[in-house]
């Protein structure tokens, strides 16, 4: 556009806003209104794909502008120079921002723009009269996506080269990047080596902007970042380091960044003590289940690099059954998250490794050592799933898993026992296809597996899960004393003392002589006394503070302090 038309006058002032209505579905030769202010779009040529530019994107267009009588007042085509501007930033008239925001790459359309979305009552003398409706024949050549990735104006990302697929690195992943960072005057302040640098996203590198940006990028994507001081080096700047120039205080940085690749890091356990870094992606989507027979190759090392174990070769992989303690717990759990052909680096904290010194064929593993395994899952055969079994097989499998769970519970292996009970219960969870006789067989198994799993959850301190499991049992057997007792135990731990008391009272109604329930009732009463003391102390302190403040206020005003009724204020304690 000619200089006269690059910035709107007062009538066409554009605020930073969303474009409102989505792009209308048009066929070539069809015209539709966009929004509710009279803007119309006539499609001349369809564009590519489905994406349209967004607010802040830098778009490149060719256009010809005419009045309704056909008088041409401007054309980039005549100058043979495409016009560039940032969409939605008030750099052009509103009709352009709204209309071009509906276009796809390569699309050609004619926009009829009413005066309210153009130059208004004043026009743009001498070529555009007041209150003029304008027509623009626009072709969207391309656009560069510019995103405010932190939504606070701190980091703007302009995509220079699109990446592959759709995945982005996560907080725990290890990324490989290449970058060059400059000041606004072009001074280079940092540059990665030719082969790039690796870092964990959560740890960051160079400045906070890099870890923020890579989480929004795809593999192979190249971007230019404009980084404000809060995501750079702040108001202190940075001194010169080696060959790298100093960064002045409050400096804006320009960073060219490429996400070369990344390694996915999975948190195998909720406590993040078993981590799996994928070195080579596996095939398909299936993974071994508990009880699967797996074939692997792995090397186990200590943190200092000492090899303590090596299992499996290309010719003869090492075979074991998951969930059977044939390898250390952390490695066992990690293998169950892998796909066929996957290669991973598994880091196992001491809690999931060897609790005591262990002598292997290759070295001594000291107690409380962190173990590092490089493991390849060569193949696996899953344990038969419930949907592959007939009803008789499901009942038989449930009984077998229950017994395995019992054996593990007796030796204090509550997490593994829980998994056995959980799987056992799943086999018979849906019994609509069972005969009446099979339903009779399944019912006590359901009750026992869920009750035993609840006992595991109490040991593991997952009280909410214990409550859910006991509730499942009570839906089957509302008078089950063990379910009421264990749910009461869980309620006590979650401080739901009223609910705990309800369950205990009901259990004692059913079995008045039950010793365990009576003992739990005593525990509950102690908890209630403790709670009441704390509550009394809290209110006592609160009223004492109020009384003191009142006394200070009355001293200031010269009035006599009002006496506080101690019993009413709760100083003597709440009733039990």
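Including glycine, each Cβ sits where the backbone N, Cα and C put it.
Record features, source TrEMBL:
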type	residues	note
COMPBIAS	1-20	compositional bias 'Acidic residues'
DOMAIN	56-144	domain 'PPIase FKBP-type'
DOMAIN	172-263	domain 'PPIase FKBP-type'
DOMAIN	291-381	domain 'PPIase FKBP-type'
REGION	1-26	region 'Disordered'
REGION	553-576	region 'Disordered'
REPEAT	481-514	repeat 'TPR'
Residues in the domain 'PPIase FKBP-type' (56-144) grouped by DSSP into helix, strand and remaining coil: 14 helix, 38 strand, 37 coil
Contacting positions for the repeat 'TPR' (481-514) when only residues 6+ beyond its ends and CB under 8 Å are counted: 447, 451, 454-455, 457-458, 461, 463-464, 466-467, 470-471, 473-474, 520-521, 523-524, 527-528, 531
Integer mean pLDDT for the domain 'PPIase FKBP-type' (291-381): 95
For the domain 'PPIase FKBP-type' (172-263), residues assigned helix / strand / coil by DSSP: 10 helix, 42 strand, 40 coil
